[in-house]
C-alpha cells in the first residue's frame, strides 16, 4: 500500500510538471509574436531571377537551414512608399565602413543586390551618390574563381542581369559590410553584392539606386544571411494600403499569427516563389474555370517586383466579367493612360473604406482549401485623372500561361510575376524552411505597433547629392533618422516648407503659379491649398517658402494626408519638369491647428444676430409708423361743440 501511495504521488508530481511545462510552452508561443525581435521594412520591384542560382534538392546549404533556430535575431528596416510617384517600394541599405546609404528596390524575383559603382561607365543619376569602394576600409573584390564568370583581365568575378522590359545591369562582384539601420537587431554582416558598371533601360532612368534581391540563389541577401546562421530561413513583407502606404519587412523567422492562411510553395518547380491557387470566387460564387488553369508552366508566382495581377486569358476574362456584373450601376470610363486599355469605373467615391460597399469581394482558394479574401483595394488602383474613379489591377498574361501577382506600378516590369496590390495590407511570410507562404490581413502601416516596436523611424533627411554622408559615420552604424510627428497626437493646421529652386537658364524666371499647381498635383491636394508665402533670390537660385493649407471644407489637415505630404517632401519625391530646373528641400515644419478665440468661434453667429436684430428693429419701426399713419387718417373732430348738425340739402342757385 505504501509503495502504491508513493507511486501515485510520483505520478501526480510528474503530471503537474508536464502540465506546467505545456502551459509555459503555450504562453511562450503566444507571446512570441508580440515580443519578437525588431523587423526590417523593405520595398518591392520586379526583375527576372537567375535560374541557375535556384536551390537544388540536395544542396548542402538546404539541410543546414532546417537546423536554424527561430530565436535568431531579425533585421528590421522601414519600407518607403514610392508607389505613386515612381512605381515601387524602397528601403535603406548601408554598405561599407563607414556606411554609405542606398535606396534599393526590394525584389523577391531577383537574386542579386547591386548598387552603382563610382567607376560606372554608364549609370544614370539616382537618389544617392554612387558607392565608392576606395572610401570603405572593409571592401574586398571577389577574385576570379571556377564558380563565377570573370572580367576580361581574369581578375574579378562579374555578374549580368537582363530583365523582361529590356533593361539590364552588369558589373563586378565584391564583398563588404552590410548594415540594416539603427532599428535593426541584426548586427552588420559581410555580404557579397554587385558593383554596377553598366545600366540600361529603366534601371538607368529610375530614381532608386539599385535592387535588393530576395530570391532563391547563392547571391541573394536572404541566402547569405541564412548560410551564415545569423537569421532563420524565412522573411516577411507587409505593404500598406491604397491611401496610407509604408509597411514593414522582417528578415528572419517569426511565429505566424493564429489565423494566418497558408499555401504550399514548391521550391523545385521554379526559381520563383509560387503558391497553389486552385479557384477564384467573386461575391461568393466560384468562377467556371478548369482546375489546372492556374497550374500552367511556373504555376502562380508571387513576386514583389510586379505591380498588378496577371492571369491566363480564360481566368482574366472570367474574373473581369464577374466583377463588372456586380457593379453594373457604375459608369465605365477610359483609363488614365491612352497607351493602355485599362478597365475603369467612375462614381464609386473617394473613400477607400467605402469601396467594399460598391465592389465585390474576391476570394483566392488554395490547394489545401484555405481562402484568402481580397478587398477592393487588393484588385483596384485609383484613376489618376478622375476623382472617385478606379481601375481593375488585373490583366491578361497573353504571352505566358503563368499566373503572376505583383507589387510595383511600373508597367514595363510586370511581364512575369504576381503579388503587388493583391497583398496590400497583408503580412506575407515566405517560410522557406517549411516550403510554404502565409497571408495575414492586417494594417501594414501600423505593423510596428503590432510588433510592439517602441519608436517608428521616420524617413532619412534629404542631403544634396554632392555631400558624402558616409564619411562622418562610425563603422557599422547607420545614420540617425530625424523624428517625425506621431499620427493622432495633434490636429495639423498648416505645413510649411522651404525649397531652394535652381533654374537652368539665368534669363528665365520660374512661373511660381505653375510651380504651385505642379506641387499640388504631385502632393495630391487641391490647387487652392498650396500658397507661396515669400521668396528670396540668390543668384540663379530662389529660396521659396510654401504653405499647405487645409482643404476648403476642412478645418485641419488629416494625419494621413499630412504624413503622406511629409514623406513626399522629405524623400525628395517631387520630380520637377526640366523647365522648372531642379530643387532641394531645405526644411519643413508642421504647425498644429490653432485654438480660435471666442470672437473667431462666434463671429458668424454674432453677425447673424446683429443682422437679425437690425431687420427686426426696422420692421418694428416700419410697422409702428404704418399703424400711426392709419390711425391719423381714421380720426376727425365733429363740427360745433359736440352738437349734432343735421344734414342740409343744398339749395339750387
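Note that Cβ sites are derived from N, Cα and C of the backbone, with glycine treated the same way.
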603-627, 628-652 - the range that TrEMBL marks as transmembrane segment: 603-627
Whole-number Å value for how far residue 303 (active site) lies from residue 107 (active site) (Cα to Cα): 7
Count of other CB atoms lying within 10 Å of the CB belonging to residue 303 (active site): 33
